[in-house]
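Per TrEMBL, the features are:
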type	residues	note
COMPBIAS	403-418	compositional bias 'Basic and acidic residues'
COMPBIAS	421-430	compositional bias 'Polar residues'
DOMAIN	4-68	domain 'DUF1899'
REGION	403-434	region 'Disordered'
REPEAT	77-119	repeat 'WD'
REPEAT	127-169	repeat 'WD'
Amino acid sequence: MSRQVVRSSKFRHVFGQPAKADQCYEDVRVSQTTWDSGFCAVNPKFMALICEASGGGAFLVLPLGKTGRVDKNVPLVCGHTAPVLDIAWCPHNDNVIASGSEDCTVMVWEIPDGGLVLPLREPVITLEGHTKRVGIVAWHPTAQNVLLSAGCDNVILVWDVGTGAAVLTLGPDVHPDTIYSVDWSRDGALICTSCRDKRVRVIEPRKGTVVAEKDRPHEGTRPVHAVFVSEGKILTTGFSRMSERQVALWDTKHLEEPLSLQELDTSSGVLLPFFDPDTNIVYLCGKGDSSIRYFEITSEAPFLHYLSMFSSKESQRGMGYMPKRGLEVNKCEIARFYKLHERKCEPIAMTVPRKSDLFQEDLYPPTAGPDPALTAEEWLGGRDAGPLLISLKDGYVPPKSRELRVNRGLDSARRRATPEPSGTPSSDTVSRLEEDVRNLSAIVQKLQERLDRLEETVQAK
C-alpha cells in the first residue's frame with residue numbers, strides 16, 4: 001500500500017483574516033460601472049476606490065488610517081467628465097495616482113499628505129491621445145514617470161508623464177480588438193497582453209514587436225487575463241468551452257502546451273490574478289465571487305500548486321492589492337487585499353501562522369522599494385533594470401513626499417493648473433476664485449437693490 005506524500009510548503013497554512021468593523025471603510029458608494037478592473041488601488045499611504053458620481057467620473061482617496069464611516073460630503077477627485085474605469089498608484093511616489101476614464105483621457109493627480117480637504121478638479125497633467133474610453137492604466141515598475149494606457153480604440157500608449165508626450169504607440173495592427181489586460185514584466189522590458197481576438201501576446205514595447213503569441217489559451221469566449229510570474233512564465237485565467245473557469249501556467253519560450261491547466265468552477269465572474277514575486281504566490285479574485293483562491297508557483301512539475309481559499313458571505317465588487325512594503329511584518333502578513341462591497345471597503349490580511357514575533361527572513365526577502373531604477377530617458381534608450389530592493393527587517397519607513405515635476409513646454413495647448421504638494425491652490429485657481437467672488441458680490445448687490453425697491457413699494461401702498 002503506497003502512502004501519498006504531502007508536498008512541503010511554508011505557505012500551506014496561509015489564512016485570510018478580515019478586518020474588524022472599525023478598521024473598514026463604511027458608507028462608500030462603489031461604482032456600478034460594468035468593467036473588469038479592480039476599482040480599488042492602495043499603497044502604504046492611501047486607499048483609493050472608484051465611486052458613483054453624478055455628472056462625471058470621480059474616485060475617493062482616503063489616508064489609510066482614516067477608517068470607519070466615511071462622510072457623505074467627503075471631497076473627491078472629480079476632474080473626469082465621464083465614469084472612471086481604472087486607477088493606479090505610482091510605485092515611485094505614493095502621492096501620485098493615474099486614472100483612465102470613459103472620457104478618453106488619462107489624468108495624473110497629486111494627493112497632498114493627509115488627504116484631500118477640498119474636491120480635486122485639476123490634475124497635474126492630462127494625457128490625451130485615445131479616441132475611445134481608456135480602461136487600463138499601468139505604471140512602469142522600475143522607470144520613473146513612465147505610464148502605460150490601453151483604450152477601447154485597441155491602442156496602447158506609453159507616456160512620459162514628465163513631458164506629457166506619448167513616446168510609444170502600439171496601434172490596432174498589434175491588437176485588432178478590445179484589449180482585456182496588460183501587465184509589465186518585473187524589469188519592465190516586456191508587456192503581456194490579452195485581447196478579444198483570443199490571443200495572448202508578449203510584446204517588446206520599445207520596438208513594437210510581438211516576441212511570443214498564443215492563440216486560444218482558453219477555449220471559451222469570455223475574457224482572458226494574463227500576468228507575468230516568475231522565471232519568464234505567464235499565468236492566464238479564462239474559461240473552457242463549457243464555461244468552466246480555468247487557470248493556466250505557460251512558458252513563454254514554449255507556448256504550444258501549458259505547463260499546468262486547472263479547472264476551478266462554473267461561476268461567471270472574470271478572475272483577476274495578483275502575483276507576489278517575493279513568495280511566488282498568485283491570488284485569484286473573481287468579481288461577483290465571495291472567495292479568494294491562492295496558488296504557489298514552483299520550478300518543478302506540476303508547477304502550479306493549489307494552497308487554499310479564503311471565503312466570506314458577501315460577494316466582491318472589486319479588489320485592491322497592497323504592495324509588500326505596506327504590510328505588517330511583525331504579524332507575518334504576506335498579502336493584504338481591500339475587498340469592495342456595495343457600500344464598504346474591507347481589508348483582508350493573508351497571514352502565515354508562526355509562533356515567534358521575530359522577523360521571519362524566509363517570508364520577507366528583499367522587496368521592491370519606492371525608488372526608480374531608471375529614468376524615462378534611460379528606459380526609452382534601451383536600458384533595463386530590475387527594481388531596487390529594500391529590506392523590511394526594521395519595518396518600512398516612507399521617504400519624504402516627492403513633488404511630481406512636469407515640463408509643460410511640450411503641453412502648453414492643454415495647460416492645467418498644478419496643485420502644490422502642500423494643498424495650496426495655484427495662482428490660476430486663485431484668480432478664478434477671486435473672479436467668482438466678484439461675480440457673486442455683483443449678484444448680491446443687485447438682489448439687495450430689488451429688495452429695497454420692493455420695500456419702498458410696500459410702504460407707499
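Keep in mind that glycine also has a Cβ here, set from the backbone N, Cα and C atoms.
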(message) Per DSSP, what is the helix/strand/coil residue tally across the repeat 'WD' (77-119)?
(response) 0 helix, 22 strand, 21 coil
(message) For the repeat 'WD' (127-169), how many residues does DSSP put in helix, in strand and in coil?
(response) 0 helix, 25 strand, 18 coil
(message) With helix taken as DSSP H, G or I, strand as E or B and everything else coil, how many residues of the domain 'DUF1899' (4-68) land in each class?
(response) 3 helix, 25 strand, 37 coil
